[in-house]
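Quick look at what TrEMBL annotates:
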TRANSMEM  27-52  transmembrane segment
DOMAIN    59-205  domain 'EXPERA'
TRANSMEM  64-83  transmembrane segment
TRANSMEM  114-139  transmembrane segment
TRANSMEM  146-164  transmembrane segment
TRANSMEM  184-203  transmembrane segment
Amino acid sequence: MSGQVSSHPYYPLDAHVKDYAPNATSILRLLATSSIAASVLLGGTLALVSFLRPRLSKADRFAILWFVLSGTIHCFFEGYFIIRHDHMASAQDFLGQLWKEYALSDSRYMTSDTLVLCLETMTVLIWGPLCFFVAYLILDQHSLRHPLQLIVCMSHLYGDTLYYATSLYDHYVHGRSYCRPEAYYFWIYYFLMNFIWIVIPFCKFQHLGVEAKTRSFRSQITFLRVSRQFPMPSTLCSECLQKKRLDNARHCRTDGLPVEAYDYSWILIRSEYGWM
């Protein structure tokens, strides 16, 4: 009956799960459909990236795929949860059945838990769209891609850590478990499926750190090489300094070097430091 607690497979057994109805689709079919959808998404994204930016590095291609996949999961899969969280237990559509299967490892998704609902809402409204934006910035090779990647990666690390900590605290301190006793629900559903959003952001932190050091070293070497090959203009007028007209060496030339030398030196410096 509507509004009453139904018999359900979720833990703890006294969890208030309204109007539970078993899934009409088998777990194998749900997983197969999800895998096909993810493959189409990633394959289509990779094809588009290869067409638009054929010389993009493998690391940047992987980063784009990762942020597109994360953004899709955040905005659509988790977005479904924040819209339907009050009626999840009776859902028979594809996303609803996926959530009911996953909730066997964390029943908080069936009971509209306050912490989970707030975390998911922030993820859907902020981090999901930001993932898509970061993917675009990487494709465009925009300088903002570096700090925004750090922000998104930090949000994933923080959110996952809080998600793990609150559940495990209830389990070990209060003796209240949200996961069924079968080991694969804990290790595959709860642990592994979420741990990916700790491992990859952590690896991205390391990669961005190494890349930043490399860019800094390369910029310094380029600056020294150019300054020795072509002495810089002895002065820049106040107009050029204020407007950052660094490519306008012809306007400020005072020491008699060919205009081409100034143009070449400034182009190199601008390309290394990102002054566009």
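Residue 1 is the first one shown; counting continues down the chain.
Placed from the backbone N, Cα and C atoms, the Cβ positions cover glycine too.
Those TrEMBL annotations? Automatic predictions, nothing curated.
Computed from a predicted structure; not experimentally measured.
Here the transmembrane segment (114-139) has long-range neighbours at 49, 52-53, 56, 60, 63-64, 67-68, 70-71, 73-75, 78-79, 81-82, 85, 106, 108, 145, 148-149, 151-152, 155-156, 159, 162-163, 166, meaning same-chain residues at least 6 beyond its ends whose C-beta is under 8 angstroms from one of its own. For the domain 'EXPERA' (59-205), the model's pLDDT averages out at 95.
Packing against the transmembrane segment (27-52) from elsewhere in the chain are residues 61, 64-65, 68-69, 72, 94, 97-98, 101, 139: each is 6 or more residues past its ends and has a CB under 8 Å from a CB in it. Under 8 Å from some Cβ of the transmembrane segment (146-164) lie the Cβ atoms of residues 63, 67, 70, 115-116, 119, 122-123, 126-127, 130-131, 133-134, 137-138, 194-195, 197-198, 201-202, 204-205, 208, 211-212, all in the same chain and six or more residues away from its ends.
Per DSSP, the domain 'EXPERA' (59-205) is made up of 123 helix, 0 strand, 24 coil.
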